[in-house]
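Look at Swiss-Prot and you will find Gly11, Pro12, Thr13, Gly14, Val15, Gly16, Lys17, Thr18 tagged as ATP binding site, backed by sequence analysis. Here Swiss-Prot flags Thr13, Gly14, Val15, Gly16, Lys17, Thr18 as substrate binding site, drawing on sequence analysis. As annotated by Swiss-Prot, region 'Interaction with substrate tRNA' applies to 36-39. If you look up Swiss-Prot, you'll see Ser102, Arg124 marked as site 'Interaction with substrate tRNA'.
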Amino acid sequence: MTAKTLIVLIGPTGVGKTELSLRIAEYFKTSIISSDSRQLYAELKIGTAAPTPEQLKRVPHYFVGTLQLTDYYSAAQYETEVMSVLEQLFQQHHVVLLTGGSMMYVDAICKGIDDIPTVDAETRELLLHKYDTEGLDNLCAELKLLDPEYYKIVDLKNPKRVIHALEICYMTGKTYTSFRTQQKKERPFHILKIGLTRDRAELYDRINRRVDQMMNEGLLEEARSVYAHRELNSLNTVGYKEIFKYLDGEWDLDFAIEKIKQNSRIYSRKQMTWFKRDEEIRWFHPEQEKEILSYLQASIK
């Protein structure tokens, strides 16, 4: 009997995961689970490079466009819901594919969410006050002192992530990293991790061209349609936050587009830093489809 296997296809933004994920899913006649924390939102299609209606017809997808912008959602909820969906899918398929670039969501399924302490209201209020009065840069500098390892990989432009890490440091006297690296949970399926990578110059060129394509497809109009919700964490996202600066009158449009490209490149580097720590990932160029399928066939028990 073939063991249940979860293929995890990961890689930085713009590397070429989408088309290859479709081809792998079609080869194994299975479904795709998205691990992109922004593709969850129905209003965010162009800026998240969400699967198109045609792609959704080719392969059944889960966790794409299922939330509204105002819905609260966490990696812990994602873990619970994906594990439930996987239990159902493995009754129909011996292989399921999970793909995306949201590092915490991938880890939530492969390793499980760590038992991070609940933050008390006093600590949260203290740090929110510091954020309001001192700004994000000062909090980032403090995080660098208290937890230099997490500082290297966290999105320093995301106040929610920075503040949460500091909350744990304040409350426990330990690093946030120490709670994130505990023993991983056992899963009732085999996990095979495929990483996609490209030469940096090649990847950066693809990212730049993809941003231009998003603008041609209507990213400005999409960002304008959600502008009223711009304070939500779900919109503290590359591609939207830069256009909000344009809509606020702070930047001109050409500058905003260049900042989207720059911030996308920075994000891709952070993704690779995170993924490269994982020795279970087998790395390929996206055009090595034949080699990837051969490796998967040989590895599925």
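Positions of Cβ are set from backbone N, Cα and C atoms, glycine also.
Here the features listed in Swiss-Prot are painted onto the structure.
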residue : record                                 : DSSP class
Gly11   : ATP binding site                       : coil
Gly16   : ATP binding site                       : coil
Ser102  : site 'Interaction with substrate tRNA' : coil
Arg124  : site 'Interaction with substrate tRNA' : helix
Sparsest Cβ surroundings (other CB atoms within 10 Å) among the binding-site residues Gly11, Gly14: Gly14
All-chain count of other Cβ atoms within 10 Å of Ser102 (site 'Interaction with substrate tRNA'): 19
Other CB atoms, at most 10 A from the CB of Pro12 (ATP binding site): 27
Overall pLDDT for the region 'Interaction with substrate tRNA' (36-39), taken as the rounded mean: 94
Integer Å distance between the CA atoms belonging to Arg124 (site 'Interaction with substrate tRNA') and Val15 (ATP binding site): 37
Nearest of the recorded positions (Gly11, Gly14, Lys17, Ser102) to Arg124 (site 'Interaction with substrate tRNA') - Cα to Cα: Ser102
Other CB atoms within 10 A, centred on Lys17 (ATP binding site): 22
Non-site residues, in chain order, whose CB comes within 8 A of the mean position of the CB atoms of Thr13, Gly14, Val15, Gly16, Lys17, Thr18 at substrate: Gly11, Pro12, Ala49, Gly101, Leu196, Arg206, Pro286
Length of the line joining the Cα atoms of Gly14 (ATP binding site) and Ser102 (site 'Interaction with substrate tRNA'), in Å: 13
C-alpha spacing of Ser102 (site 'Interaction with substrate tRNA') relative to Pro12 (ATP binding site), in angstrom: 9
Residue with minimal Cβ packing [other Cβ atoms within 10 Å] among the binding-site residues Thr13, Thr18: Thr18
Lys17 (ATP binding site) to Ser102 (site 'Interaction with substrate tRNA') - Cα separation in whole Å: 13
Distance [Cα-Cα, Å, rounded] between Gly11 (ATP binding site) and Ser102 (site 'Interaction with substrate tRNA'): 9
Cα-to-Cα gap, Gly16 (ATP binding site) vs Ser102 (site 'Interaction with substrate tRNA'), nearest whole Å: 15
